[in-house]
Amino acid sequence: LRPASGSRQQDAPGAADGLALASDPGGTLNFLAMVENLQGDSGRGYYLEMLIGTPPQALNILVDTGSSNFAVAGVPDPDVTSYFNPELSSTYRSEGIEVTVKYSQGSWTGVLGTDVITMPKGLYGSYTINIATILESENFFLPGVKWHGILGLAYDALAKPSSSVETFFDSLVRQAKIPNIFSLQMCGAGLPVSGSGANGGSLVLGGIEPSLYTGDIWYTPIKEEWYYQVEILKLEVGGQNLELDCREYNADKAIVDSGTTLLRLPEKVFSAVVQAIARTSLIQEFSSGFWTGSQLACWDRTEKPWSLFPKLSIYLRDENSSRSFRISILPQLYIQPILVIGDNLQCYRFGISSSTNALVIGATVMEGFYVIFDRAQRRVGFAVSPCAEVDGFPVSEIEGPFSTANVASNCVSSVTFHEPALWIASYALMSLCGIILLVLIVLLLIPPRCQHRYTDNDVVNDESSLVRHRWK
């Protein structure tokens, strides 16, 4: 790996002479072998080919930085063209543990096991990995998707059924002795969000490939190691600050998630962004259905509507907390072509949506950048991606540094209901309800003359016993 130019770049940790290296037959890790090892698009996800089991079974695996389980279809499904059959693999070992994972869209249930995997365009060698074979799913595999499983690259805190399940990337770091860092480039800017699926991209395991970015890499700290949670300081639309309290941008978390299609914004932020775009754009009267995602907007194919909309900028706290930097996307990334009608009309969707529990930097934004997940130094890096061009012009920018003198020292809420804490609270509530239920049973067995006559105020509300999963 060649050291990158630019003052913001720092070398990967733990590597000799500042180079991110790992063992292979030549003694170094060839990151160029991982360039363009992804296929897909922002509408249906970016995926990597893997060979699983002995003899190997080839499957396409969705790359998802917002979850932590490695799971593959384990039975036939109407929406998948291939699946992994454990009975045909001599190296598969079942753990006999059922696991269920729920996402913001869809869920699946399967069984944990282990098997060997290799990556034709990845690290050299075979590695033993925890694999969940999906036996049942709901709205997970969708019509038209070309992947057969999911590769969760987030932290073990999100792994199901518990954080004791070693994640895919942790297994690679341990077995392949690579640096604890990976990087991701998704090349679908300005292309139909559900096109041929051949847009391409790169997942670089163990380091950074300089050919995948231009200029400098800017890093922001990872606030918590579960999702890749970062701290957002402000948003601008067309250069105008939204003037919201910075905690609104981080309610209740802000994460970088390749498995989410859109840029998702907390409801208050989303409303402010839509109002600012509508106010700034050259289209004063616009269908409300376009902003909510229920309608498309169509123009003549000879027209490019992007000139009608403003630039969107997200400010992230720098590693030096007194400074920030901004990543900006042009409308070519958030006004997304999706459908052609007849010979004359091209229809577009709004690549931003509202969220009830997070700001999610999804594919809408990530397609503009080469994103580095530096787990060793607990930071996420952003650099301009050379494939983020439309008609020969860049559609993303990074600028900085900027002072944070007028920003709160901490924009992340001090009360965050992280998943481990949620489970602890849930189990405590269930235990309490179990005790109450036991008391009620005892009371029912007591002769009627000794029973207490309950009033409406004494009725136990069993809603408190429900375990509410934190979905992606």
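Note: Cβ is positioned from N, Cα and C throughout, glycine not excepted.
Look at TrEMBL and you will find D64 (among others) tagged as active site.
The active site annotation in TrEMBL covers D257 (among others).
Its Cβ placed at the centre, C187 (disulfide bond) has 22 other Cβ atoms within 10 Å. Per TrEMBL, the feature disulfide bond maps to C187-C387 (among others).
Annotation source TrEMBL lists disulfide bond at C246-C411 (among others). Using a 10 Å radius centred on the Cβ of C411 (disulfide bond) and all shown protein chains, the other Cβ atoms total 22.
Look at TrEMBL and you will find C298-C347 (among others) tagged as disulfide bond.
Among the features that TrEMBL reports, domain 'Peptidase A1' is placed at 46-383.
A simple way to gauge crowding: the CB of N320 (N-linked glycosylation site) has 10 other CB atoms within 10 angstroms, across all the protein chains here. The N-linked glycosylation site annotation in TrEMBL covers N320.
Among the features that TrEMBL reports, transmembrane segment is placed at 421-446.
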Top Cα neighbour of C411 (disulfide bond) in the set of recorded positions D64, D257, C298, N320, C347: N320
Euclidean distance between Cα atoms of D257 (active site) and C387 (disulfide bond), Å: 19
Cβ neighbours within the same chain of C347 (disulfide bond) - under 8 Å, at least six residues apart: L296, A297, C298, P337, I338, L339, V340, I341
Cα-nearest neighbour of D64 (active site) within the listed recorded positions, C187, C246, D257: D257
Residue pair N320 (N-linked glycosylation site), C246 (disulfide bond) - Cα distance, angstrom, rounded: 18
D64 (active site), number of other Cβ atoms within 10 Å: 23
